[in-house]
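Engineer: According to Swiss-Prot:
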type     : residues : note
TRANSMEM : 3-23     : transmembrane segment
TRANSMEM : 24-44    : transmembrane segment
TRANSMEM : 49-69    : transmembrane segment
TRANSMEM : 81-101   : transmembrane segment
TRANSMEM : 121-141  : transmembrane segment
TRANSMEM : 149-169  : transmembrane segment
Amino acid sequence: MKFLFDLFPIILFFAAFKVWGIFTATAVAIVATLAQVAWVAFRHRKVDTMLWVSLGVIVVFGGATLVLHDEKFIQWKPTVLYWLFAIGLLAARYAFGNNLIEKMMGKQLTLPHPVWDKLNVAWALFFAVLGVANLYVVHNFTESQWVNFKLFGTTGAMVVFIILQSLWLTKYLKDE
């Protein structure tokens, strides 16, 4: 259910784009992300840093898209967000000694610390590659194809990555 909730702004962006175009879709994505943050704050009294970063990036890049009437800003937004996530994961681990992947998943999984470090680096690399892939699609495909990639391509890549990660982790999980 959380996965669908996380996709909420992207799905609304996609639907609005198909009906009204990129600028209305951008406004819808901003409002949907604001609503998402408000709901999480109301419901849980705490909003994850990643969601705050997502909100900041959509407001800045979406706002620039609307004010300057230039779709390139919203098209760059996923790349900036993915690269911020990658940098955040690596900086937290290697500059501050905090493995954010372990903090997020440590209650569900018991893994040796070197495995957590590999997982952290794998996620950082995954986000870095997603950022590059987004730029490639932005500069080599149509706006409509980019919107399809944004929903289906990145979501599909995420699902495949999680499945591969799960398969890799099975050799480290203890029988319970």
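From the backbone N, Cα and C atoms, a Cβ is placed for every residue, glycine too.
How buried are the listed features, and what sits near them?
Structural biologist: Only residues 6 or more beyond the boundaries of the transmembrane segment (3-23), in the same chain, are considered here, and those with a CB under 8 A from a CB of the stretch are 29, 32-33, 36, 58, 65-66, 69, 71, 74, 143-144, 147, 150-151, 155.
Outside the transmembrane segment (24-44), and at least 6 residues removed from its termini, the chain residues within Cβ reach (under 8 Å) are 5, 8-10, 12-14, 16-17, 51-52, 54-55, 58-59, 62-63, 65-66, 71, 74, 147.
Through the fold, the transmembrane segment (149-169) approaches residues 7, 10-11, 13-14, 78, 109, 111, 115, 119, 122, 126, 130, 133-134, 137, 141 of its own chain, all at least 6 residues removed from its boundaries and within a Cβ separation under 8 Å.
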